[in-house]
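Chemist: Feature annotation from Swiss-Prot assigns ATP binding site to Gly10, Ala11, Gly12, Lys13, Gly14, Thr15, Arg128, Thr137, Phe138, Lys196; the stated evidence is sequence analysis. Swiss-Prot lists Thr31, Arg36, Asp57, Leu58, Val59, Gly86, Tyr87, Pro88, Arg89, Gln93, Arg157, Arg168 with the feature AMP binding site. The region 'NMP' annotation in Swiss-Prot covers 30-59. Look at Swiss-Prot and you will find 127-160 tagged as region 'LID', backed by sequence analysis.
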Amino acid sequence: MNLLIMGLPGAGKGTQAAKIVETFELIHISTGDMFRAAMANQTEMGVLAKSYIDKGDLVPDEVTNGIVKERLAQADIKEKGFLLDGYPRTIEQAHALDETLEALGLTLDGVINIEVDPASLIDRLSGRIINKKTGETFHKIFNPPVGDYKEEDFYQREDDKPETVKRRLDVNIAQGEPIIKHYRQAGIVRDIDGNKDISEVFADIKKVIENLK
């Protein structure tokens, strides 16, 4: 079973990916882990990636695609199957993944697409506030500070401000839509309502994956 999980920042993709991997005993392939492993093992692509990162440059697609190919070519992938998380990020990477899978004799069985209303994601992602004195982190909705606090006792990081969050989501939506469309044409996208409780979302995902088998 080879799967890809997609969803906007804050949609709970990381939480659900961990549950999928544990339940179905798949290999979790996340972009960050792949890069770290390739650089630590000094693979051909890992050395190349490090040369860009050390200079503060963006790693070009061909290097990212190469790192993915190196990982998918390892023996444990055919034995256990995988869950791809954080790749592909662009339609060009999606086409490269198609070619990689074909070259390695692998297929993508399903794309789990966690859908959450962007407006509620802005609330989720822009709710983080930090106490100016203690540095403690709270969330306006999920973990509000208890006690005699005033609004001016807290600050928000630039990254957490609603307008910054909205810009980030807009970029993710623009990049993600062509990828979803690409996989819809292949008939392998399964949409999941991510507005529900974590356990309910996973129950829906579990049903979908079991029906893919």
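Yeah, the Cβs are placed from backbone N, Cα and C, and that goes for glycine too.
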Chemist: Six or more residues beyond either end and a Cβ under 8 Å away: which residues meet both conditions relative to the region 'NMP' (30-59)?
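Modeler: For the region 'NMP' (30-59), the nonlocal Cβ contacts are 17, 66-71, 85-87, 89.
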Chemist: Which residue, out of the binding-site residues Asp57, Arg128, shows the minimum number of other Cβ atoms inside 10 Å of its Cβ in this structure?
Modeler: Asp57
Chemist: Take the region 'NMP' (30-59) and count its residues per DSSP category (helix H/G/I, strand E/B, coil), listing them in that order.
Modeler: 21 helix, 1 strand, 8 coil
Chemist: With helix taken as DSSP H, G or I, strand as E or B and everything else coil, how many residues of the region 'LID' (127-160) land in each class?
Modeler: 6 helix, 10 strand, 18 coil
Chemist: In whole Å, how far is Gly14 (ATP binding site) from Tyr87 (AMP binding site) when you measure between their Cα atoms?
Modeler: 13
Chemist: What subset of the binding-site residues Gly12, Gly14, Arg128, Phe138 lies within 10 angstroms of Arg157 (AMP binding site) at the C-alpha level?
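Modeler: The binding-site residues passing the 10 Å Cα test are Arg128.
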Chemist: So among Thr31, Asp57, Val59, all listed as binding-site residues, which is physically nearest to Gly10 (ATP binding site)? Use the C-alpha atoms.
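Modeler: For Gly10 (ATP binding site), the closest Cα among Thr31, Asp57, Val59 is found at Thr31.
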Chemist: Measure from the CA atom of Thr31 (AMP binding site) to the CA atom of Phe138 (ATP binding site) and give the result in Å, rounded to a whole number.
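Modeler: Counting only the Cα atoms, the answer is 28 Å.
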Chemist: By Cβ count within 10 Å, point out the most packed of the binding-site residues listed: Arg89, Arg157.
Modeler: Arg89
Chemist: Tell me, how many other CB atoms lie within 10 A of the CB of Gly12 (ATP binding site), whichever protein chain they belong to?
Modeler: 21
Chemist: Rounded to the nearest angstrom, how far is the Cα of Val59 (AMP binding site) from the Cα of Gly14 (ATP binding site)?
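Modeler: Val59 (AMP binding site) has its Cα 23 Å from the Cα of Gly14 (ATP binding site).
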